[in-house]
Ligand SMILES: Nc1ncnc2c1ncn2[C@@H]1O[C@H](COP(=O)(O)OP(=O)(O)OP(=O)(O)O)[C@@H](O)[C@H]1O
Ligand SMILES: CC(C)(CO)[C@@H](O)C(=O)NCCC(=O)O
Ligand SMILES: [K+]
């Protein structure tokens with residue numbers, strides 16, 4: 001069975017794929033100090049809790065945080081006796097081209113999303129991923145990653161206001177009743193929520209204009225449905241997009257080695 005690990009700057013998601021479906025998905029915060037042994041204690045206790053007795057034979061990792069990769073390699077080697085495939089590293093081949101400026105390091109999560117999006121929806125896509133940052137990945141007709149946009153994440157934007165301004169509290173994002181806020185929290189939520197609606201619409205419209213072909217807009221990440229509630233911004237929402245991409249890349253590499 002496959003253990004797929006998606007490390008973001010905030011959270012790390014572990015999923016077990018049995019060849020047909022995901023048996024379980026667990027989330028932990030990303031911490032580069034975490035050792036291989038700590039990952040194992042955490043994962044094995046969750047598996048035991050769900051009475052899951054599976055043999056993990058393959059591991060694939062996508063990490064936007066370079067420092068966690070070493071310990072995840074040790075974890076795969078020590079506890080599952082396998083060498084993980086690490087997206088973006090030597091030994092991992094992608095089923096799509098990456099056409100960007102030479103010397104540019106594209107975030108592996110964006111490459112994985114590109115592979116998943118092309119596999120599920122075909123070419124000419126904009127993939128909007130609401131994570132620590134909000135990224136727009138542009139997928140060409142042939143499935144190639146050809147660039148995109150990086151904007152500050154929703155929670156990061158709210159947190160930045162709180163951190164920088166003494167009188168602004170920590171608030172969670174929600175869809176405000178009105179645009180004109182009548183208290184501090186409502187004003188902050190309005191700024192980020194409606195500002196984000198504008199950001200998404202403008203960025204997608206300009207990408208479509210530059211690309212010159214009709215594109216599908218795919219969204220992923222926990223906050224996508226919140227924005228979709230206010231306006232029909234996305235053609236599809238897929239919360240498992242990154243995990244699906246990891247499964248596709250794993251299969252592609254195992255068949256070739
Ligand atoms: N209504 C909501 N308000 C606040 N946060 C939410 C809401 N719905 C979902 N979330 C959060 O959105 C996040 C979505 O997870 P996702 O994996 O897309 O990004 P992340 O883990 O925050 O970032 P990264 O992948 O960069 O680590 C989760 O942390 C989840 O708790
Ligand atoms: C933009 C993030 C942080 C989004 O997770 C990640 O994809 C990343 O670190 N990217 C590197 C730069 C790039 O993708 O162009
Ligand atoms: K993510």
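Placement of Cβ uses the backbone N, Cα and C atoms for every residue, glycine included.
Note that the structure is a prediction, hence the values are computed from the model and not measured.
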Same ATP site per TrEMBL - residue from 104, 114, 132 joining 6, 7, 8, 9, 10, 11, 12, 13: 132
Neighbourhood of residue 110 (substrate binding site) by C-beta distance under 8 A, where only residues 6 or more apart in the same chain count: 127, 129, 135, 137, 145, 148
Residue 132 (ATP binding site) to residue 184 (substrate binding site) - Cα separation in whole Å: 24
Where the C-beta lies under 6 angstroms from ligand 1, the matching binding-site residues among 10, 109, 132: 10, 132
Cβ contacts of residue 10 (ATP binding site) (under 8 Å, same chain, 6 or more positions away): 29, 30, 131, 132, 155
Binding residues 6, 7, 8, 9, 10, 11, 12, 13, 132 (ATP) - maximum C-alpha distance in whole Å: 14
DSSP state at residue 129 (K(+) binding site), helix/strand/coil: strand
